[in-house]
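Following: one structure in structure tokens, then a few remarks.
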Amino acid sequence: MGRSESQMDITDINAPKPKKKQRWTPLEISLSVLVLLLTIIAVTMIALYATYDDGICKSSDCIKSAARLIQNMDASVEPCTDFFKYACGGWLKRNVIPETSSRYSNFDILRDELEVILKDVLQEPKTEDIVAVQKAKTLYRSCINESAIDSRGGQPLLKLLPDIYGWPVASDNWDQTYGTSWTAEKSIAQLNSKYGKKVLINFFVGTDDKNSTQHIIHFDQPRLGLPSRDYYECTGIYKEACTAYVDFMISVARLIRQEQSLPIDENQLSLEMNKVMELEKEIANATTKPEDRNDPMLLYNKMTLAKLQNNFSLEVNGKSFSWSNFTNEIMSTVNINIQNEEEVVVYAPEYLTKLKPILTKYSPRDLQNLMSWRFIMDLVSSLSRNYKESRNAFRKALYGTTSETATWRRCANYVNGNMENAVGRLYVEAAFAGESKHVVEDLIAQIREVFIQTLDDLTWMDAETKKKAEEKALAIKERIGYPDDIISNENKLNNEYLELNYREDEYFENIIQNLKFSQSKQLKKLREKVDKDEWISGAAVVNAFYSSGRNQIVFPAGILQPPFFSAQQSNSLNYGGIGMVIGHEITHGFDDNGRNFNKDGDLVDWWTQQSANNFKDQSQCMVYQYGNFSWDLAGGQHLNGINTLGENIADNGGIGQAYRAYQNYVKKNGEEKLLPGLDLNHKQLFFLNFAQVWCGTYRPEYAVNSIKTDVHSPGNFRIIGTLQNSAEFADAFHCRKNSYMNPERKCRVW
């Protein structure tokens, strides 16, 4: 046998020979058939399960959404008893307010995350950066350069003081140096024209409410050193803030005197700063309460400058105050001359009337002490550590915070606030998914359509006013994401900041440069037309806006992210998130303020008398409802139903419109797959996602502050108030009648 025919065995050649095979028994045959059948069934089941649709979404985005919702909620709470605790109970257990924060919420977490992105893009050196971006990065570096800031102490401020007529309490010869030539017109104007600081009289150039294509000079009451006029009672919950405020003044005055090697007389410092407090108390009491300033028709008082002089004569230091000289002191800085025939708008006639007897009681020294202080207190945080620390007790009394915000966070926000388009460019390039713009455009179209359709449901509004409301809704312009120019037009962006030149080791001077630049730009607008295409917000902002003068809604790139929006998350969440926000902003065009402006943004009464009266009646229901909420964190104070009315109307309108738009979506596209791990349908998920946007809590000090200053209701009451008025919510969660979340009386405006 040739080699090629040899065989390789796969078994050992010594293996025993097999016996002759026996036939299978009936039992073996039966068992084999059974095994075969079971195998076929198992394979079939596996195949079926692999392709079986159980109606649950198993994508990674659905799993992420479900995990977030489950983590935030407390399913042990009955949703019809307290939907805030049901939706946010888990969030409240897991989250503690950071020592640097006055409040903490899902909104604040998104802002924190945005700040991290800003930090990353602002500190990254790139040789290919355009000039505008280079300037933003230099400004950021100057702000975080703490060694340079600390080494300079208070010297940058000391150099500036002569330009604002000094600070009497911090110098030994003020009466001789400035007192003899001091005039109220020059001193008040200098702070305003150069630095945009409005003390005693709030002079500003803004859009003419009744002719929104033009700018006009306005006179208004000023902001105060404490958060609201209520604080100046200085008793009870406000006592600590008043004490800390005066101590803050004294501490800074002491530091400035020390830096100049001037003697320190504690009694004199205390005497002068308490006099400042006394003066500011009188000014606070002269201001009109916010709830009496919410009708733009009543606020608008147009007259000539000559008429202003006749109607509101003031006397300071025994001399008549010249409104013409004061106005020209400011406007001459931008080479604009104002004649007595110039028309101006007075927003605060009552305040200007009450100001007269106050000014006659105080000396130039007292007035200058207040004015300089109000400017200095804004600048303390840009000086060395010892100046920053002088503010600690004051910050604690107002905000409850025991630590300063991290320097990089404060600096990222500062640069974003002052160079919003340059920073917006960096943010968009780093973090914004451009395709979401088209999805949001479609959502706006849907919700606008729902708003118009629901006008037919309103029995309190007549046909004539409904037609005008529809015209206004159709005319609302939308801005989504960011202005194209910040990416595509480098020259325009560079030119916007052409006059600004920052130095890395001169943060204080950079701040002053920004103040001057911003105020000069605003004053020059007096003889310019209003640019209605201009965005009213930067791109790197977690918020949304409505402008009554432009009839424009804005959704910056910063808010187009979960939980508000994602092209990959369930649409119930998108409609309950950004959908509600869209409805909210559209409704602002028709709230107690926005309803007074027409489709072109002009302050014009387009309502019939009957519809206007009915609107006020419908609104009164919400004033009463929200005004009845008492807030334990604010010492049991009741919310102000008048000051929060516009936001409450917008919340209620927004949730209703977004829900109806989602129902339309389901009719057209069918039901969505459910989310895993949640025994909730998509109607319920819509309301749950809406509520979880507002999960959060406040420090008691800041609750006391915000209940007087914030036009929004606190988050828990935004959830409860809105959903108590929603029959659709009660239906979705099967809430019995007269349960807490389903009261018999429901408020509805839109």
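From the backbone N, Cα and C atoms, a Cβ is placed for every residue, glycine too.
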The residue range that Swiss-Prot labels motif 'Stop-transfer sequence', out of 16-23, 288-295, is 16-23
Joining H584, H588 at the Zn(2+) site recorded in Swiss-Prot, out of E528, E534, E647, is E647
Disulfide partner of C143 per Swiss-Prot, picked from C242, C411, C621, is C411
Here the Cα-Cα span from N145 (N-linked glycosylation site) to D651 (active site, proton donor), rounded to a whole number of angstrom, reaches 42
N325 (N-linked glycosylation site) sits from R103 (peptide binding site) (Cα to Cα, rounded, in Å) at a distance of 45
Quick note, E585 (active site) and C735 (disulfide bond): C-alpha atoms separated, nearest Å, by 29
Long-range Cβ list for C735 (disulfide bond), cut-off under 8 Å, min separation 6+ in sequence, same chain only, gives P79, C80, F729, M741, N742
By the 10 Å Cβ-neighbour count, the most surrounded of the disulfide-bonded residues C143, C234, C621 is C143
Nearest to C695 (disulfide bond) by C-alpha distance, among the recorded positions C242, N285, N311, N325, C621, is C621
Students should find that the Cα atoms of C242 (disulfide bond) and N285 (N-linked glycosylation site) sit apart, in Å rounded to an integer, by 15
